[in-house]
Amino acid sequence: MNIHEYQAKEILRKYGVPTSTGVVVTKTESINAAIDKLNTKVYVVKAQIHAGGRGKAGGVKVVKSKEEAKKVAHDMFGINLVTHQTGPQGQKVNRLYIESGCDILKEYYFSVVFDRSASCITFIASTEGGVDIEEVAEKTPEKIIKFSVDPATGLQNFHAQGIAYELGFKDHQVKQMKEIVKATYKAFIETDAAQIEINPLIVNKEGNLLALDAKFTFDDNGLFKHPEIMALRDQDEEDPLETRAADAGLSYVKMDGSIGCMVNGAGLAMATMDIIKLYGATPANFLDVGGGADRERVKEALKIILSDKEVKGILVNIFGGIMRCDIIAEGIIAAAKDIGIKVPLVVRLAGTNVEKGKEILSNSGLEIIPAHDLADAASKIVEAI
């Protein structure tokens, strides 16, 4: 789960991380009054959406008067902001965060993430802040600093001190950076976060460190322990199909292609998406129905896939281990009769009760294209659309 920048900063401040402050606007009628609360010479108007690249897309504006700030805020509120992370459809701006500007002497990048490849928490930092860290990693990887934390010992003083020295801080800034490292680590652990990112972390004209932007991503599996974090959820920022799928117990991620996929198992789902690409098409989604799906869940999965108007065909790829192929077949038929599948449908079944499942599909009277293996299935669905 993601939250907005202003919410992330509020959490960081609770843990002692110094951040820039401002006012939140959730409706246009509040804009003027909110800006009047700020006593500053420079105003920063920020669109609050769950996507990066806001600055390049016009979602962050710096102005030098109240009148300009009010005009920019009114113009920005409600627009559809398109960044490299939103996709071409963009994201509607329903919230603004308006801050007092500050003089920046230097920008840094700082984050703490769970590194799955190393199975530990890792700090990532760079002297190149204020830009996409992926761009820095690609062009100047030597400027990326990493410190991994042994889960057996936890964060140690040398981690914090090492990061401060590697970033080139001196004197009181070393102490400030150490405190920021310790505070973000504590926040990461106690909130069950998957990532905390501060970009940029700046040195202001007084020589002090300040988090100018912040991002939190939380581990969905830990949210049941944190009702206060769940309360920060903004469903307007989430894809409605993904929300609907989650409510149905399905793992669904919308993509930009034309072939809908329904698969059991995340690994098989990714392999299915790969082979669709190999045969020259693009998947419209990732959808894992899970190992214990019943007829109703299969039916709901197909309904969700068909709710995407870009879907021109559907590939069902099921390996029946825990799941029975006859149950899948019955769910497909029920969905087809209920909602009327009008796009090509290719079904590949293997495993438990596979012959029974194939027989059910064959006797259904529906236009279902059978496939005997994954390559055959991918070839047939690409040809059919």
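Heads up, the Cβ atoms here are built off N, Cα and C, so glycines get one too.
Here's what Swiss-Prot has on this protein:
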| type | residues | note |
| --- | --- | --- |
| DOMAIN | 9-244 | domain 'ATP-grasp' |
| BINDING | Lys46, Gly53, Arg54, Gly55, Glu99, Cys102, Glu107 | ATP binding site |
| BINDING | Asn199, Asp213 | Mg(2+) binding site |
| BINDING | Asn264, Gly321, Ile322, Met323 | substrate binding site |
Between Arg54 (ATP binding site) and Asn264 (substrate binding site), what C-alpha distance do you get in Å? 36
Rounded Cα distance in angstrom between Gly55 (ATP binding site) and Ile322 (substrate binding site) is 48
Check: min Cα-Cα distance from Asn199 (Mg(2+) binding site) over binding-site residues Lys46, Gly53, Glu99, Asn264, Ile322 goes to Gly53
Could you check which of the binding-site residues Asp213, Asn264, Gly321, Ile322, Met323 is the closest Cα neighbour of Lys46 (ATP binding site)? Asp213
To the nearest whole angstrom, state the Cα distance for the pair Asn264 (substrate binding site) and Glu107 (ATP binding site). 45
Span of the recorded ATP site, as the biggest CA-CA distance among Lys46, Gly53, Arg54, Gly55, Glu99, Cys102, Glu107 in Å, is 21
Quick one: pull the CA-CA distance for Asp213 (Mg(2+) binding site) versus Cys102 (ATP binding site), whole Å only. 13
Could you tell me the C-alpha distance between Met323 (substrate binding site) and Cys102 (ATP binding site) in angstrom, no decimals? 58
Cα of Cys102 (ATP binding site) to Cα of Gly321 (substrate binding site), in Å and rounded, measures 59
Let me make sure I understand the structure: which of the binding-site residues listed (Lys46, Arg54) has the fewest other Cβ atoms within 10 A of its Cβ? Arg54
Whole-number Å distance between the CA of Ile322 (substrate binding site) and the CA of Gly53 (ATP binding site)? 43
Rounded Cα distance, in Å, between Gly321 (substrate binding site) and Gly53 (ATP binding site) is 43
Glu99 (ATP binding site), number of other Cβ atoms within 10 Å: 24
